[in-house]
Amino acid sequence: MDKFRMIFQFFQSNQESFMNGICGIMALASTQMYSAFDFNCPCLPHYNLAYGLGILLVPPFILFLLGFVLNNNISMLAEEWRRPQGQRGKDPAVLRYMFCSMAQRAMIAPAVWVSVTLLDGKCITCAFCTSVPVESLGNASYPRLSQGEIQRVLARIPCKEIYNGQHLIANEVAVRYLRCISQALGWCFVLLMTMLAFLVRSLRPCFSQAAFLKSRYWSHYIDIERKLFDETCAEHARSFAKVCIQQFFEGMSTDLVAARCHLPRKAPADAGEAAEKLLGITDQSTMNMALKSWHRCKPPLHLHPPALPTGNGWAGEGQPPTHPSTPRRETAAYYSCV
């Protein structure tokens, strides 16, 4: 149990670890889905190809989209891409890094599905059973069969219980031939994916390590900034609600006292603390203006002393940021007498 707790804490340590855990779970789920899937080839000439290729390609596409849906960064990427320019520029390299990172993780489960499907061989056997070379593997000189009848006989190769073409080609020979081709394609696909992952991991630092570090840093910054902004808004909403409720009950107690219902009054101890957390934003219109300003013109990524607040405690959106004054440089000259 402690090991599972440690693994769960590792997945929650940062965004990348969490998404790696999600992708690993999806990869395991894809193998379990395929093992639990009841594969039934239609064994008809015009439907075998569509059914086999559909089982091979459609579930990976769904898993790929599901990988994007489960990724928490997809909304952050869309928000960063669609937001106005404002006071902070948008770096295309950071957006590309975020998209490529999500795409690489989302491709894990589809790659596992395709690999397992090809290594199993049922889809290829169903899809291409009518393309078995009867001339080299069977009795091509068998009389009284037209081309259409041969196609109908070959289409029943995946369905061993209804196959009636042993005189044309043995069922075991055709299945073993197609399964060998499918397994060869599966191992080639696994080797190709492994080589691509190796090249991406090993060659990327050799060309653009500085740009990669910059994009990765600012991608993490955007994620952390969004989380802190959500936490700050939630804390402000909690403090705002607390002050509103306290003022409501204070007004109710005042009305009861005016109605000659003498009730003991006790000043709340945390009223001042909750009011300090409001940061001067004490009405709905000002808070809405703050949220719109955060979306339209985020502050530039340059730390500077805070600007003087205006009358309502809110600096306008169009005001340029104040920069710290440059300290005056003093020089000292030394003279020596010889």
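The backbone N, Cα and C atoms fix where each Cβ goes, and this holds for glycine too.
Unlike curated entries, TrEMBL annotations are predicted automatically.
Here is what TrEMBL says about this protein:
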- 308-330: region 'Disordered' (REGION)
- 21-37: transmembrane segment (TRANSMEM)
- 49-70: transmembrane segment (TRANSMEM)
- 184-203: transmembrane segment (TRANSMEM)
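Beyond its flanks by at least six residues, the transmembrane segment (21-37) meets 7, 10-11, 55, 59, 63, 66-67, 70-71, 105-106, 108-110, 112-113, 116-117, 120 of its own chain at Cβ-Cβ distances under 8 Å. Counting residues 6+ beyond its ends, the transmembrane segment (184-203) has Cβ neighbours under 8 Å at 104, 111, 114-115, 117-119, 121, 124 in the same chain.
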